[in-house]
Amino acid sequence: MLGCCCNCEDFDLVCTRLITCKRIEQRNIDGMLIAFQDRLRLPWRGGAKRISPAALAPAFIVPLMMGLAALNAKTGIVLMLTLIGFTSWGLQLAERTATKTTFFLSWIVFSIVYMVVIFEFEVPLLELLPEENYILLLLSGGALYALYRTKKLAPLNLVTAQYGTTPKDELPGITEASSGEEQAEQQAATDTILGIDDDDDDGEGDDGEKAGLMQQHRGGQPNICESCRKVTPRRAYHCAVCGSCVKRRSHHSYWLNCCIGERNYRWYLFALALSECALLLGANLTLTAVCHPFLVVRLLGIPLLLPDDCSEVFEDFELGISFVVAAYAILISGYITFVLVRQLYLWYRGTTLHEFKRVKPSSSSGGIGNGSRNRVWSNWRAMLK
């Protein structure tokens, strides 16, 4: 029956060798998985759409994990620690192999869906004020829109083959030096990365690494990517996952399955900030609804509550699943806090995560000079425009 429906010779061969206890070759397993991925489709207008198994897996993993964690406290702790280890291992594996996957993006989508469903239908809303629910929905909607804009603007960061002009008497992929404005911008970025102040005239040129960096960034030669052989603007770097150079590349976000660069960096910061507020507010409202709360202070007549005693939440499955979702939101907010603080620090320094990893700031700078302070204020003004 499976052979008639699937018509997959590799699947038949794998099943036969599994039953007969014979060795299964790797190429047969790869062929079977490729056939499954090709035939896993969703009926859609204009034709069936192919669904990646990696994108479909979180739809079953996330609710199964939450349901098991709601059984008792020990199971919840073990599953949360397992989740941290699995996520860290998956991100390291994806970075090491430069794999473009939709698994983490799908994990975010289904996590948001399940958290909203649990909050709206399982959390006792009689304990919440309508204004609190409206504020949470507003923050969640703003975070989702910012994430959508970050994902939507990501293709505009990619360097196209038409960047720059190619003289007729030169080989393809080689152009003249960049304009004076780009050179000035690159010089300022290089000074920030190397920790050099504008008023620094000590003339220390004996550092070979610094001299090489200055020659690379200020030599006036065109930037030609060694991987894709494209002429790139200043501060554009190649992304092995996207397979293209990215303007002012910060990093490749596996959670959004796109690169963060010049055009979507601002929306990325907004998304992080709004997501942090929405997760913390939702977790606090959930915990104060299912646990015994205590009053901290009243602000403009609105009571500010915090959870006090949550020892009875696992006696009922609905309370337990609500508590697990709140703990899951706090876990995610902790990770977002780390990412947001790091990105704001890099913005304050006038550099990106990619440049910070490539060139460590010089320890001899001794602080931020006047020129660096001017660049810091210009960075924040540019973000707030």
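Keep in mind that glycine also has a Cβ here, set from the backbone N, Cα and C atoms.
Here's what TrEMBL has on this protein:
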| type | residues | note |
| --- | --- | --- |
| TRANSMEM | 51-71 | transmembrane segment |
| TRANSMEM | 77-94 | transmembrane segment |
| TRANSMEM | 101-121 | transmembrane segment |
| TRANSMEM | 133-148 | transmembrane segment |
| REGION | 193-217 | region 'Disordered' |
| COMPBIAS | 196-207 | compositional bias 'Acidic residues' |
| DOMAIN | 221-357 | domain 'Palmitoyltransferase DHHC' |
| TRANSMEM | 267-300 | transmembrane segment |
| TRANSMEM | 320-341 | transmembrane segment |
Please work out the mean pLDDT for the residues of the domain 'Palmitoyltransferase DHHC' (221-357).
88
Stretch contact, the transmembrane segment (51-71) with the transmembrane segment (267-300), Cβ-Cβ under 8 Å, 3+ pairs:
no
Which range wins on Cβ pairs under 8 Å with the transmembrane segment (133-148): 77-94, 101-121, 320-341?
101-121
If one takes Cβ-Cβ under 8 Å and requires six or more residues beyond its ends, the residues near the transmembrane segment (320-341) are 66-67, 69-71, 76, 80, 83-84, 111, 114-115, 118-119, 122-123, 269, 272-273, 275-276, 279-280, 282-283, 286-287, 289-291, 310, 313-314
Do you know the DSSP helix, strand and coil residue counts for the domain 'Palmitoyltransferase DHHC' (221-357)?
67 helix, 34 strand, 36 coil
